[in-house]
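See below for the structure under consideration.
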Amino acid sequence: MSLTSFLAGLGLGQLLYGPLVQRFGKRNSLLGGLALFALATVSIGFSDNIIMLNCARFFQAIGVCSAAVIWQALVVEQYDAKDSQRIFSNIMPLVALSPALAPILGAKVLKYMGWEAIFFILAATATALMALTMVLVKPANEGASKAEEKVAYKTFFNNTGYLGNVLIYGACSGAFFAYLTLWPIVMEQHGYEADAIGLSFIPQTIMFIVGGYASKLLIRRVGSEMTLKLLLALFGLCVLAIALATLVFKAQTIYPLLIAFSVLAAANGAIYPIVVNSALQHFSQCASKAAGLQNFLQITLAFGASSLVAVWATAGETAIAWGILGCSVLVFAGYKLRQFAGWSQVRAGFTKPDPARLALHAEETPKD
């Protein structure tokens, strides 16, 4: 129930900060979000009933969304497309460290200080980030806020370049979440204990980080578009390998899947910075709203994939394979969509048959 409350706040919060930035600016919205996170986190530490805990978790998630949305907008606003790509490639791989390190650090704090201390440390961290924000982030200028006011959510959905990149981002995340959801069950089915299950996530974390930094080298050599093509091809090969190992040859050990998932993680780590930067460059003057919608759609697709495979949890690796195959179709659709200039061009690609030519062909066809 606590996780459900947090996820609900995480989804809603992504959409809130675009309008809040329009009204109050990036700096004030970020400070407000961090303050909300800190207060909600302290409330969790002092909670003495489940209702208070769940409410605090909901507002904690809304608060944390401020940083998730606004940091991307600040990068796009302050740097050109090339420098933004470099910064995204530097920062996004590090995001993978948090889910890897958090359980380890949390276990140490829990052992020596109690569970409440975890939340007090988080609140202190948020307070420190507020101080840094006040020093390092300049107040938003009035012109930038006015520019954001002119863009409605409908405009984002009308932009196929933006939407295609977001679809790739969300579907790649969905593929990874399909794996994360059922992988512990798969390992249990193969006879592994909890310690081994925890260790099995380390290779994906390392490969995600390696992929993110490797993409920088590829971009320097061949450019971001060619790099994205190569990475999507690698993603497709991983999906094929997973399908063969689960649906065709029925691998008897976890190692073929573990290797394929690790390479898939590297591909995702390299793809994310490219498509996020490319999506936000379409709306660099209203990047907060664009980033919020992007993150909301990404979370929706990721947890949608997770929920779907969870329904067939007993199927284990077979359910993972079908979930990833479904996400790969969306990745391909996103790649094709980003190549069009608009929906009118997409519709033009679906030509209707000419009735006159059909009639002529029917007349030329010999009858029996």
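Cβ atoms are placed via backbone N, Cα and C, with glycine included.
Remember, it's a predicted structure, so these values are computed and weren't measured experimentally.
Annotated features, as they stand in TrEMBL:
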DOMAIN    1-341  domain 'Major facilitator superfamily (MFS) profile'
TRANSMEM  30-52  transmembrane segment
TRANSMEM  58-75  transmembrane segment
TRANSMEM  87-105  transmembrane segment
TRANSMEM  117-137  transmembrane segment
TRANSMEM  162-185  transmembrane segment
TRANSMEM  197-218  transmembrane segment
TRANSMEM  230-249  transmembrane segment
TRANSMEM  255-275  transmembrane segment
TRANSMEM  296-313  transmembrane segment
TRANSMEM  319-337  transmembrane segment
- May I ask whether the transmembrane segment (30-52) has at least three C-beta pairs under 8 Å with the transmembrane segment (255-275), counting pairs 6 or more apart in sequence? no
- Distal contacts, the transmembrane segment (117-137) - CB-CB under 8 A, six or more residues away: 26-27, 30-31, 34-35, 37-39, 41-42, 44-45, 63, 67, 74, 106, 109-110
- Message: Under 8 angstroms for C-beta pairs, at least 3 of them, ignoring pairs fewer than 6 apart in sequence. Is the transmembrane segment (319-337) in contact with the transmembrane segment (162-185) by that rule?
- Response: yes
- Query: For the transmembrane segment (87-105), what are the same-chain contacts with Cβ under 8 Å, counting residues 6+ beyond its ends?
  - Reply: 71-72, 75, 79, 198, 201-202, 205, 208-213, 215-216, 219, 269, 272-274, 276-277
